[in-house]
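**Student:** Pasting the feature list from TrEMBL:
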COMPBIAS  856-866  compositional bias 'Acidic residues'
COMPBIAS  1113-1124  compositional bias 'Basic and acidic residues'
COMPBIAS  1125-1137  compositional bias 'Acidic residues'
DOMAIN    217-321  domain 'Acyl-CoA oxidase/dehydrogenase middle'
DOMAIN    337-492  domain 'Acyl-CoA dehydrogenase/oxidase C-terminal'
REGION    851-873  region 'Disordered'
REGION    1093-1137  region 'Disordered'
TRANSMEM  652-670  transmembrane segment
TRANSMEM  691-711  transmembrane segment
TRANSMEM  717-736  transmembrane segment
TRANSMEM  756-776  transmembrane segment
TRANSMEM  788-807  transmembrane segment
TRANSMEM  819-842  transmembrane segment
TRANSMEM  932-955  transmembrane segment
TRANSMEM  961-980  transmembrane segment
TRANSMEM  1058-1077  transmembrane segment
Amino acid sequence: MRGIRTIALARTPRRLTALSPSASAMRGAASAARIALARAPTRPAALSSSRRAASSDADRHRSTIFDRRNVEFLLWEQPAFAAQAGDRETLSAMLDAAEDLVESHASADAVADAHEPTWDPETNIVSIPAETRAFLDAQREGGFTLLGADIEDGGLGLSLTASTAVNSIISCGFTSGLGGFYALTHCAANLIKAHGTTEQKDTYVRPLVEGRFGGTMALSEAQSGSSLSNLKAKARHVSGDEYRLSGSKMWTSGFDHDCFENIVHLVLAKIDGDDTPPGNRGISLFIVPKVLPDGSPNDVALNGLNHKMGQRALPNSYWSMEEGCVGYLVGDAKHAGLMQMFTMMNDMRVAVGLHAACCGVRGFQESLAYAKERIQGSALGSKTQVPIIEHADVRRQLLAQKALSEGALHLCFFAASLVDDSKTNEEAATLLEVLIPVVKAWPSEFALEANKWAIQVLGGYGYTRDYPVERLYRDNRLNMIHEGTNGIQALDLLGRKAVMKDGAATRALATAMMRDVHMNADILPDLAADLGEAVERYGATTALLGKELSQNPARALANAHEYLNMVGHTVVAWLWLREAAAAQKALPSATGADVPFYEGKIATARYFFRHELVKTKAQADLLASLETSALDLQELIKLLYGDIREKELPRILFLSSLLCCIIGGFWLLDSLKDTVLATTVGLRYQPKAKLISVVVTLFVVSGYTTLVRRIRHKPTLFYLIGGAYTLIFIVIGGLLAHETIGMRNTTPDPRRLVGWFSYFAVESYGSLMVALFWAFTNASVDADTAESSYGLVVAFAQLGAVGGSALATQARRLHISFLYVLGGCSCALVCGMVALFEYYFAEEPQTEARRVASAVDEDDDEEEEPPPPPVEKKAGLFDGLDLVLRHSYVFNLLMISTLYEIVLTVLDFEMKIVGRARYGADGRGAEEFARLMGQFGILVNSVSFLFSLVLFSYVVRSLGVRSTLLVFPVLCLVATLLAYGFPSLWTLFIATALLKALTYSLNEPALEMLYLPTSNDIKFKAKAWIDVVGARTAKALGSAINDAVQGNPGLRTSLPQYGNVPTFVVSLALFGVALNMGRRYDTIKESGTIVGEEDATPSGGYELVSTAPRNEGPWRRNLERLDSLDVDDDEELEDPR
């Protein structure tokens, strides 16, 4: 029994039969498996017979899986590859062995796709189909894992060109991820050999090469895919190169199964220490084996499998590193992880391109065989049914597949030869570097296009699982995504590779292509001329974009994807010119099957030039125009929201969604509470309920203040408060469904406590949770982020208000009791969202002391005496109120919040009084008034949503916080004068609606920004008193006035006329307070001080969840440090992933 190693040693051309009983038996079994998988009862009879019966020697190497003749043409009829292919007889025997491997395990691919790996959490076993295990065993026993490995490591030392040829046949046969097991293993061996310590090489390289160990690469995490600077996996040093790792990883292929003795994970993480640089520069690489060198299992835990669209044979996992997880620093080199990992990633990118090309080749072979046998339709002018290959459009589809898939395969062979030549040839090294992104991206996009046409050739059958072409499309679709998305490859090509060394790589590539243009000008003049023009376009376009790149990078890179496609098409046209020229030279002496083969090569080259290369003209024109459609929306977003840091955007969107959920739940319940109170207690008790709610809220806030002091970990406040209200609203929902206690009893009675309890619970929930949200958010962001994003946060809140109110309108159909339970569920959802926020955005707990320390200038080496420990103050129920009264800045916050509530309350009452006077209080008039109020609510929420979305950020960045605060009181003054001069319903309607919309969209987020330069005690304690007690008191006072007015006809008549006078006075006072607060905010912001810092909680401060430095300590300096961290984002272009 001999394998690949035996062939290499014997250097014999004899066909290897050790991998199967007999060639004929293998072919028969493969045909039988193929027929069995085709379950469609209406399958054409012509397709039930074996399609690979061959009589000629040329057909012996042809099948519906691969094209052996094309591989041999590339290897030995292309001068660029022949030198690296090695001994022809030996390599031919290896190709025979690969062919036998494919045919003897032909069913493994379909079985692996139909029966993807499964994980049993109870036994922690990942089950792999037996066919997959048999294939992997045959691949290892046959020596296919040894191809390109160095002889000193037990490998065969083949060139990458020769290895690629053998692997191309295997890859054509197994597209569903079976080849990924050893592809990852091979790359892991190369990486450890290149960068590992001597001990690491001795321990892992040979077992990986021999296929006894498997290898994986673990880069991504749930929150960090392409942006590796956001990694959260940590490593704590133990001794030597040993570390303890913690964290979790996502999208790891081949993480756990029983096909190998051990699995070696190469894991990116950041070393936990003060010397770890931020971002990409702080990433290190670790060897994390499944089984440790002493034979004990490592402490890694599989958390689940990802269920994929394609490539299902290779299990893809998300997993975690537990408390005892051991990792070994690769090469004992700190912070070199990305550089080391790119050794593996570049290998994998070439492998991805090869797999994509082979998917295309396999699809072409399958559809070609089908088209030859499928009888359908007749030729023009004839009634005789013909095979569909006779139809022009089917031929076009087949020719497109051949041009794209074989061009992609040639590109991968070319890259392999460059790897071989680059060891001694500087030009080859330069070409390889510039073409790596193209080799990964172009085949994955255009061989996928070929797979699309393969499905089309088969028609309806192609869309079913009876034929493999639909699977090939699914398997190929992943290749545009993994190992660096094609978009990132495009940025790498244009943003770095094309312009590196002052454009040396571009010149080298253009020179190499023009060399072949001149060489073949006499053989194929038309194709040579077309390629020459394309190369000139490539050079001119690259020069133009390179110049723009230095001036306006965003504009230059806006269409990087088109640039990559243009370069790819030009390079593949160059390779097709080489193939056509070789075929043209060989054609005069060709005989037998070689004649149509060479003619097909020339015809396919012409097709590619006429149908594909011509596209580069339009691409070059588009790129030369510096077209910016892709940037226009980005520019609009920048105009409206400023420069929201990319790292901050997910956090802001998550916070926005959290507030949307809070507000949605509140408005759902708030819309119901008055109805519940009126039904159970009586409508006339509503004013008393508002007044009593102030007292109840006072106790609630006092308890909240106590919790704030006692609980350092502020998300716990969400869990406690949200959990309590979840239980409360679910209980209320159950009581409201009761026959006598609930809504079915329509006899109001002030002794029915459920109505009071419901009212107070809803009133306190909305105010308390919103106050907690803003305290949490204000303590988690800096001023620049607040200016850019608070409008967006408020816009999401308005969506929640609209959604909650809309859901409340379905109360009759869904029942109020159910909606209360739904409101309780929304509270539980808030708790869950906070937990997710903690999980995804918490890097490490940051106490107030830590944040103050982090802002100290690192260059200040002067030692200072530690300050005396702060005196712990006794906890009090009225800490927040004490802070309000003690700090004039905070007291003014109370004043401005209360005054604008009073103004709005009075205007709102005026509008309602005038409205009731116009429509009446009974019958149809009451219905019309209710309709008017509904329109009022829709108008307020709609305008507020639009203003929040497009106005706040722009206004606050253009005018500043001070001027933004003055907008509302100035408009209040104008509205008051209009209401006094024109006291009509529509004047009050429009003025009040506009002011309320501005309150939600402009005034409230600006007020929230005033809390930024305050201590966390003020944010969490004083703010609760201001928002909850102050606002509730103002509204309760307004309700009492309204009650008095409704009972006094004289007041009802005079309020619209004379009520504007005190409103005008209050608006003037509001203007003065707002002007003063704006000035003080600007002064504090410039000085970098923190209001209430001397009152900071001494018991360890607060723990918040955010990756951004907080606005504690010297405020301005901390913001400058935050900006300095963003420089690291540019490394994504340098090391794209």
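Our numbering is plain: 1 for the first residue shown, then up by one each step along the chain.
Here the Cβ of each residue, glycine as well, is placed from N, Cα and C on the backbone.
Curation does not apply to TrEMBL; its annotations are automatic.
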**Student:** Between the transmembrane segment (652-670) and the stretches 691-711, 788-807, 819-842, 932-955, 961-980, work out which stretch tops the count of Cβ pairs under 8 Å.
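**Tutor:** Per the Cβ under 8 Å count, 788-807.
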**Student:** Would you kindly list the residues that approach the transmembrane segment (1058-1077) from elsewhere in its chain, counting only those six or more residues past its ends and only Cβ-Cβ distances under 8 Å?
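**Tutor:** Sequence-distant neighbours of the transmembrane segment (1058-1077): 889, 892-893, 895-896, 899-900, 902-903, 906-907, 909-910, 962, 965-966, 968-970, 972-973, 976-977, 979-980, 983, 1010.
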**Student:** By Cβ distance under 8 Å, which residues at least 6 away from the ends of the transmembrane segment (961-980) in the same chain are close to it?
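**Tutor:** Cβ under 8 Å, 6 or more out: 896, 900, 903, 907, 910, 952, 955, 987-988, 991-992, 994-995, 998-999, 1002-1003, 1006-1007, 1009-1010, 1056-1057, 1060-1061, 1063-1064, 1067-1068, 1070-1071, 1074-1075, 1077-1079, 1081-1082.
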**Student:** For the domain 'Acyl-CoA oxidase/dehydrogenase middle' (217-321), what does DSSP give as the number of helix, strand and coil residues?
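**Tutor:** Helix, strand and coil residues of the domain 'Acyl-CoA oxidase/dehydrogenase middle' (217-321) number 7 helix, 54 strand, 44 coil.
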**Student:** Cβ pairs under 8 Å with the transmembrane segment (717-736): which stretch of 691-711, 788-807, 819-842, 932-955 has the most?
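**Tutor:** Per the Cβ under 8 Å count, 819-842.
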**Student:** Determine which residues of the chain contact the transmembrane segment (932-955) at the Cβ level, with the cut-off under 8 Å and only residues 6 or more beyond its ends counted.
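**Tutor:** For the transmembrane segment (932-955), the nonlocal Cβ contacts are 639-642, 787-792, 794-795, 797-799, 801-802, 805, 911-912, 915, 919, 964, 967, 989, 992-994, 996-998, 1000-1002, 1005-1006.
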**Student:** What is the average pLDDT across the domain 'Acyl-CoA dehydrogenase/oxidase C-terminal' (337-492)?
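**Tutor:** Looking only at the domain 'Acyl-CoA dehydrogenase/oxidase C-terminal' (337-492), pLDDT averages out to 94.
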